[in-house]
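Straight from TrEMBL, the features:
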BINDING   GLY108, GLN109, THR110, SER111, SER112, GLY113, LYS114, THR115  ATP binding site
COILED    353-417  coiled coil
COMPBIAS  548-569  compositional bias 'Polar residues'
COMPBIAS  575-584  compositional bias 'Low complexity'
COMPBIAS  585-597  compositional bias 'Polar residues'
COMPBIAS  613-626  compositional bias 'Basic and acidic residues'
COMPBIAS  681-712  compositional bias 'Basic and acidic residues'
DOMAIN    22-344  domain 'Kinesin motor'
REGION    548-632  region 'Disordered'
REGION    676-719  region 'Disordered'
Amino acid sequence: MGSISGESMVWDAQDSNAHEEKIFVAIRLRPLNEREIGKNDVSDWECINNTTVIFKNTFQERSMFPSAYTFDRVFGSDCPTRKVYEDAAKRFALSVLSGMNSTIFAYGQTSSGKTYTMSGITEYAVADIYDYIDKHPEREFVLKFSAMEIYNEVVKDLLTTDGTPLRLLDDPERGTVIDKLTEVTVRDSSHLIELLSICESQRQIGETTLNEMSSRSHQILRLIVESEAREYFGAENSSTLTASVNFVDLAGSERLSQTMSAGTRLKEGCHINRSLLTLGTVIRKLSKGRNAHIPYRDSKLTRILQNSLGGNAKTAIICTMSPAHSHLEQSRKTLLFASCAKRVSNNAQVNIVVSEKALVKQLQRELARLENELKNLSSLAASCDSTSALKEKELLIEKMDKEIRELRHQRDLAQSRALRPGPKSWVDMNIHEKDSWTDECSVSEASEIIDPLWSDVASSVSHFSDRYRSGVNSIITEEEDTFLENNEERFLSDDTSPSLYIDKYFGPDPCQGWEKIGQESDKNLDDDNVKDVQCIEIDFTKLNLVSGSISPQKSDQDQASGKSPTTSDEVFDPSLDLSRSSSSEEVPTTITQSTSDEVAKENKDALGTLSSVEKESENLCRKDSQDSTMSEIVNENEQIVKTLDEDCKANQQEECVKEFNEVIKLDLVKDIEDNSVPEDANNKNDVEDAKTTDINQEKVADDDLSQSKDVEQPTSEWDSEFEKKKREIIELWNGCNIPLVHRTYFFLLFKGDPSDVLYLDVELRRLSFINNALHGAIVLKDDQSFTQASSAKALNREREMLSRRMLKKYSKREREILYQKWNIDIKSKQRRLQLCRMLWTDATNMEHIKKSASIVAKLVGFKEAGSVPKEMIGLSFVPKPESFGWRHSLPSMM
Ligand SMILES: Nc1ncnc2c1ncn2[C@@H]1O[C@H](COP(=O)(O)OP(=O)(O)OP(=O)(O)O)[C@@H](O)[C@H]1O
């Protein structure tokens, strides 16, 4: 057992220092605020002693709920924060100094005083921690500080300004860790206070009706304290105590009707309520001693704080409440949450990090001892002629042999750790062999994380085709997780600029990036003789990352380097591309399966675990109708679910989105089922043979399309169907002012392969939708800003950008040939722009389309026809109809 002062460290494999301890729960009432006083609101709650708060109002509801609640500590509205700290938080904060992890939460409805309480507690704790350090010069202390917020389910570093979403990783020894979270080694107390003020300024704050300075995120401040006895500092037998304390200021639960949220606030409120619902469910399950199926992973908050919820951290929860009658419902919810929390036990324990060298030495000694004993026993056994004694000894030898093997294994492991740089291994009093560090989640873990997000993003077709592509057991990577989170942020964006609409329908505009550079570096559009502009190639790796698929470049590199694909690579292996699917019969089965699963999952996830809450509620009521607290807890959850339900209803769009997505999914499945692909169409050669190449005539200008196809002579029913759809799409592209790069990209994808039908249909539906929106068949909420004219403007900009690019991509001679071919006077002004303005304008002329595609492909660097991965379309083609409000019912527009 290791002692804190570090005099000696005796490792005892049998010992466990963990001890069970219930979560400490306190209630803090704040005084009525000016707004409440102004409305003549009355105070419903009173603390009658240090542990009991009573409901003192004589209204009718009194009889329906308990009138008194008891907790570890309650604080009245006149109690200063110092007292709250001393009585409810101090011992938890200071336990970090003795190597125990701890967490102090503030929980409560919006505007009830969580931030007020937590900021005071954090400051007092910092002062006390430094006071302790000053008084213990015999130990060397190192303090590290990190801070994060969870805003709209995105984890952000509060010590940096870049706002990059951080990934959560699973470490077998440390649990959930936040990748790339800044960890600052603290110099002294004033440095720490400075860091706290940075966090305060960085945190997401917004004004709601109930709180002018409402925290819109969950904030977790983490202070890590490492200490070592100076006497043994750096010595072989030294050990370090390491622990962290979390100061958690949760965002407040809110009834969106009360906060009158809309837009950004509404979105934040939904995220806040949803994550608090998960926290409530976790606490409720733990309070019942159910350790299976606890939904930690349903939210980032519970995932990060898992150690504090039934884990190994000492935990205190301070529930703040407004005593006002107008907040009665929320106050009851808070009390019910608190009642549940006080039944939850954690197993706090001291974390001792044994130095690697000390560990190796310790294990070597133990090994030598056992080997010695074994030797003695063997010689004893040889001299003993009694069979039973012999058997006994043999068993003993076998046992010791096993122990030796185990010890050797541990020694090797410790040695290898001692040799390699990186984090020290965490060794608690029991040394277990753990898996090595991994930054990949397991398949099931990853799916667990991602599944709820799928429903949020409502990316029906992309999801659906991705699932199809990667099979039923699809693996979702953390990158995708991050992608979805980012997308989710745009999900309810109020921005209505045309380019954003384009982004929403078609993913990021590939022209972005070089557009700016083009503008800056090439101001003279008329002059073909200006020096070639160094254009920046489109970053397809990036595009593909956004689309969640592997880039062709990357796969090529991997192939070239002989690198075996990682788990995520396997998922997005282009060889799984639909176009290579040999069996078209597989399509309907797989899709039907995944669609129904997803629809079910969407329904389930949309409002949390409503059905399970209902079921549990029923069971609970039947089982113990007397237990008013528990039934209230269930009631609380139902209320929260109801709140969420109402919130979602308030945002009618969500319903429409679901409907829209389901219609698309079902239609697609049906279409594919109906589309019994002709035998001959499966034979690629036939299709290929049907294509003629008149590209030679266009040798100079169209060199990049040498592998392009002439699809003007359909050879089968399938081909004519394919052609029909393609022409429809091309016309709609024109009608909807769709970016040329997008058209070209899409155009190059297709070879008339039967599997193209899925993509064609998806595209067709998207375009019909946009077309309907543009022509008033569907009335969009933001129809004033989303006009055909505004899209045309964006298209013009794109043409300008492309014209600049011609300088780089074509030689002067090639440009002249092109002007001739396109009947443009080679001496005329703005001839490059003239040419670019002609591209993709004649939807009825396939030759024109082909030439246009060829030029655009060359200008933006699409190297090879058909080489662009279809997966890209999967995600980037996701429309975001959730930003619309429809007047017409969705099915009619399909
Ligand atoms: N115990 C208290 N005594 C005096 N004023 C308080 C107390 N608690 C909170 N307040 C005041 O009430 C207001 C709201 O408090 P605070 O911002 O801490 O609430 P919150 O629970 O963190 O809200 P949100 O969840 O919206 O962020 C602040 O102006 C704060 O100063």
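Backbone N, Cα and C atoms are what each Cβ position is placed from, and that goes for glycine too.
Owing to the predicted nature of the structure, the values given are computational and were not obtained by experimental measurement.
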Any further residue of that chain within 8 Å (Cβ to the Cβ centroid of GLY108, GLN109, THR110, SER111, SER112, GLY113, LYS114, THR115) of the recorded ATP site: ARG30, ALA106, TYR116, ASN211, GLY252, THR320, SER322
Close-lying binding-site residues around ligand 1 among GLN109, THR110, SER112, GLY113, THR115, where CB distance stays under 6 Å: THR110, SER112, GLY113, THR115
Among GLY108, GLY113, which are binding-site residues, the residue with the most C-beta atoms within 10 angstroms of its C-beta: GLY108
Sparsest Cβ surroundings (other CB atoms within 10 Å) among the binding-site residues SER112, THR115: THR115
Binding-site residues listed as THR110, SER111, least Cβ neighbours within 10 Å: THR110
LYS114 (ATP binding site): tally of other CB atoms within 10 A of its CB: 26
Around the Cβ of GLN109 (ATP binding site), the count of other Cβ atoms that are within 10 Å: 26
